[in-house]
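J.: Would you mind keeping the following structure in view while I ask a few things?
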């Protein structure tokens, strides 16, 4: 059955379904990282919370794109979500570097989609991508890059990593730090 509301939504914009998949994949990767750092033998609660929050954010992005597809009268075509390439994330520096690489991949995919929307003259899609995704993506890349720099200064393992995680915990888990056991 054809959509009654689809208007000026070119079929070349259907790759938005691939972006939905990429956002859910990113959520899946961050969820894996969050639970990895929550393990009893790793125990970095600040990192765990940071990555779990990142997972929630990426899932929300996927859902926002799904709502947009429906709003424009397009069809949502969900694809299988690939498993993360790693199950063991190493130290926090390694995980943050993987997160930065992932954010850059998501950003490039959004830029490609934005270029397609501009090429086929779809101002609605261009406006949505530029207003709701691209700026936030640049901020995420900057945030993770800054975290990597600060972690390198503190030391990427041992006491430096522990102290850095303590700072993350204070930023992302204020209720745990305000009531010491």
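Placed from the backbone N, Cα and C atoms, the Cβ positions cover glycine too.
The structure displayed is predicted, hence computed values, not measured ones.
Swiss-Prot feature annotations, pasted as is:
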type: DOMAIN; residues: 6-155; note: domain 'Ferritin-like diiron'
type: BINDING; residues: 23, 58, 61; note: Fe cation 1 binding site
type: BINDING; residues: 58, 103, 137; note: Fe cation 2 binding site
J.: Cα-Cα separation of residue 58 (Fe cation 1 binding site) and residue 103 (Fe cation 2 binding site), in Å?
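T.: Per the Cα atoms, residue 58 (Fe cation 1 binding site) and residue 103 (Fe cation 2 binding site) stand 10 Å apart.
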J.: Within 10 Å of the Cβ of residue 61 (Fe cation 1 binding site), how many other Cβ atoms are there?
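T.: Cβ-Cβ neighbours of residue 61 (Fe cation 1 binding site) within 10 Å number 23.
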J.: In whole Å, note down how far the CA of residue 103 (Fe cation 2 binding site) lies from the CA of residue 23 (Fe cation 1 binding site).
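T.: Residue 103 (Fe cation 2 binding site) has its Cα 10 Å from the Cα of residue 23 (Fe cation 1 binding site).
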J.: How many other Cβ atoms are found within 10 Å of the Cβ atom of residue 137 (Fe cation 2 binding site), counting all protein chains shown?
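T.: Within a 10 Å radius of the Cβ of residue 137 (Fe cation 2 binding site) lie 19 other Cβ atoms.
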J.: Please state whether DSSP places residue 103 (Fe cation 2 binding site) in a helix, a strand or coil.
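T.: Helix, per DSSP.
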J.: On the DSSP side of things, how many residues of the domain 'Ferritin-like diiron' (6-155) fall into helix, strand and coil, could you say?
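T.: Helix/strand/coil tally for the domain 'Ferritin-like diiron' (6-155): 111 helix, 0 strand, 39 coil.
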J.: In the same chain, which residues outside the set 23, 58, 61 have their CB within 8 A of the centroid of the CB atoms that define the Fe cation 1 site?
T.: 22, 24, 26, 27, 57, 59, 60, 62, 64, 65, 106
J.: Across all the protein chains here, work out how many other Cβ atoms are within 10 Å of the Cβ of residue 103 (Fe cation 2 binding site).
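T.: There are 22 of them.
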J.: Averaged over the domain 'Ferritin-like diiron' (6-155), what pLDDT does the predicted model reach?
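T.: When the pLDDT values over the domain 'Ferritin-like diiron' (6-155) are averaged, the result is 93.
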J.: Other than its own, how many Cβ atoms are within 10 Å of the Cβ belonging to residue 23 (Fe cation 1 binding site)?
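T.: Around the Cβ of residue 23 (Fe cation 1 binding site), 25 other Cβ atoms lie within 10 Å.
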